Amino acid sequence: MHLGILFGEDTHVNEFRDQQIRIYDDPLLSSLTVFSRREIQVMASSITSLRFHLLCCLTAVWLLIPPSHSADPDPLQDFCVANISASISVNGFPCKPASEVTLEDFFFDGFTKEGNTSNIFASSLTPANVLTFPGLNTLGIAMNRVDFAPGGINPPHSHPRASETGVVIEGKLLVGFVTTNNVFYSKVLSAGQMFVIPRGLVHFQLNVGEGKALAFTAFNSHLPGAAVVPFNLFASSIPNEVLTKTFRVDTDLINTIRSKFGS
């Protein structure tokens, strides 16, 4: 079909109509003239209908284009302090009744104390997420305090529900992440320098300084989650056969590694 018919007046249709009328102006062919005009009317009606349906389709497609969202849904009220003890939760926590909200729901002092780094990784993570700071519920933000003893590491892990940004407060940290194409990016950062980790990518922080190190990290989700690679693999119930075939090692070595993460 000619595009002019679809989106505007088509001169060929007008010429065709005029020719039809002149040719069949003879009284003997008047019946054919009527038929010709009706045919043109049907054609015009079909074109109008087609244009209308096309407009409807384009409108529907435009309305169905998904809008851009942050990691968490936008809140529908000033605040929604999480009712952590609620028996029912659907993709989040219900709001505590406004009459039960207190000023303590909006303040958190968990970052005032240094974390205990006496563990296998010589690091400590203090989370300020919806589970420890209910006032963050529905606000799409969370933070961590991460302490490192000399040589400490925040082991390879990922956050399935959020991107991460952080700033080094003290010491020197080697910060790195790996893309889905197995490209590794890293840099040694000192106090005042920042980093960003794209959502879902495996990353780590390693203290490469001579003393302690401290960093604060932030997320665009009130509960970013953390999948810690060594625990996922060796502290879970994944069959040994899967791990031996994946890493091309024997069962004894897998059991040795598992023993390091048994607790």
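Cβ from N, Cα, C; glycine included.
The following features are taken from TrEMBL:
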DISULFID  C80-C95  disulfide bond
DOMAIN    109-255  domain 'Cupin type-1'
BINDING   N144, N154, H159, E164  oxalate binding site
BINDING   H157, H159, E164, H203  Mn(2+) binding site
Rounded to a whole angstrom, what is the C-alpha distance between E164 (oxalate binding site) and H157 (Mn(2+) binding site)? 12
Output the one of H157, H159, H203 that, of all these binding-site residues, has the highest number of other Cβ atoms within 10 Å of its Cβ. H159
Among the binding-site residues N144, N154, the one whose Cβ has the most other Cβ atoms within 10 Å is N154
Closest of the recorded positions to N154 (oxalate binding site), Cα to Cα, picking from C80, C95, H203? H203
List only the single closest residue to H203 (Mn(2+) binding site), chosen from the recorded positions C80, C95, N144, H159 by CA-CA distance. H159
Looking at the recorded positions listed here (C80, C95, N144), whose Cα lies nearest to that of H157 (Mn(2+) binding site)? N144
Per DSSP (three-state), C80 (disulfide bond) is coil
Give me the long-range Cβ neighbours of C95 (disulfide bond): same chain, 6+ apart, Cβ under 8 Å, in sequence order. Q77, C80, V81, A82, N83, N137, T138
Other than its own, how many Cβ atoms are within 10 Å of the Cβ belonging to C80 (disulfide bond)? 23
When pLDDT is averaged across the domain 'Cupin type-1' (109-255), the result is 97
Within 8 Å of the Cβ centroid of the Mn(2+) site residues H157, H159, E164, H203, which other residues of the same chain have their Cβ? S158, F177, I197, L201, V202, P224, A226
